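Residues or ranges marked as domain 'Tetrahydrofolate dehydrogenase/cyclohydrolase catalytic' by TrEMBL: 6-120. According to TrEMBL, the domain 'Tetrahydrofolate dehydrogenase/cyclohydrolase NAD(P)-binding' annotation covers 139-281. If you look up TrEMBL, you'll see Gly165, Arg166, Ser167, Val231 marked as NADP(+) binding site.
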Amino acid sequence: MSATIISGKDVAKDKRTQLKKKVEEIRSQGVVPKLIIILVGNDPASLSYIKGKKKAAEETGVDFTLEHLDEGTTEATLLQLIDRYNNDNMVDGILVQLPLPAHIDETKVIEKISPEKDVDGFHPINIGRMMTQQDCFLPCTPAGILELIKTSDINISGKNAVIIGRSNIVGKPVGQMLLNEHATVTYCHSRTKNIEEFTKQADIVVVAVGIANFLPGNAIKEGAIVIDVGVNRLESGKLCGDVHFEEASEHAGHITPVPGGVGPMTITMLISNTVKAAEKRARK
Ligand code: GUN
């Protein structure tokens, strides 16, 4: 059996076209969707992610401002800047790029962002709203994963979903979101024994551990949907996921590639959250 490849690149492209149309509508009502990204320091990975976010904003017509602060910026200055944007009625979304320098408390910063502008979906209020199935901003990578699973035309309800990884940004929320869609969810992590005993029962497997080729093909149930969140750079310079792609493709029904799977969806969902905030402003 050879799996159908779920192209995040194609799904993201379609989604961005739809978002562009929505932005045109919102702009015609006199509201310009606006996203602020705050970066402290010069982390090369962060600079590269921000470039992608800027490109997506430009493609869809979302106004984009980067506040690039010095590495030595104090926590108090950063909190003040967030507060200024919290109170700026022309701003829809605020994202503080992580990681922050060690002298700044990440939790304090995330909690300072108004939950109504928290387009990352990292604020505890948004996490709580997600758990209790209220209207909220969903975190971008898990939201993108759900969109990818939905393109495969399976009904999530009643399916066994196994999540490998329990990070606050991906593993935990994606499990919660699949539970909200009525899947039976099992979390596996670094202390789980015999992970393959769980994955062999799984109709949906989401792998987010950050270890190249962690999941072998023989751990996958025939026909399963396999979502690979990992982005690992091999010594050869080649990118690879957390799933052994060639092996897994022989067993899975659907599988996401790396690159071109989950990655392009994350930024697209950030724009989607910003547009959602702007739509609310336009309705006011
Ligand atoms: N750093 C790496 N990924 C992310 C993300 O999704 N949001 C923020 N704020 N920082 C990040």
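All residue numbers here begin at 1 and follow the chain in the order shown.
Backbone N, Cα and C atoms are what each Cβ position is placed from, and that goes for glycine too.
Shown on the structure are the features that TrEMBL records.
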| residue | record | Cβ neighbours (10 Å) |
| --- | --- | --- |
| Gly165 | NADP(+) binding site | 24 |
| Arg166 | NADP(+) binding site | 17 |
| Ser167 | NADP(+) binding site | 15 |
| Val231 | NADP(+) binding site | 16 |
*For Val231 (NADP(+) binding site), what is the secondary structure state per DSSP, taken as helix, strand or coil?*
coil
*In this predicted model, what is the average pLDDT of the domain 'Tetrahydrofolate dehydrogenase/cyclohydrolase NAD(P)-binding' (139-281)?*
97
*Looking only at DSSP and grouping its letters into three states, which state does Gly165 (NADP(+) binding site) belong to?*
coil
*Using only the Cα atoms of Gly165, Arg166, Ser167, Val231, which the record gives as binding NADP(+), return the largest interatomic distance in Å, rounded to a whole number.*
16
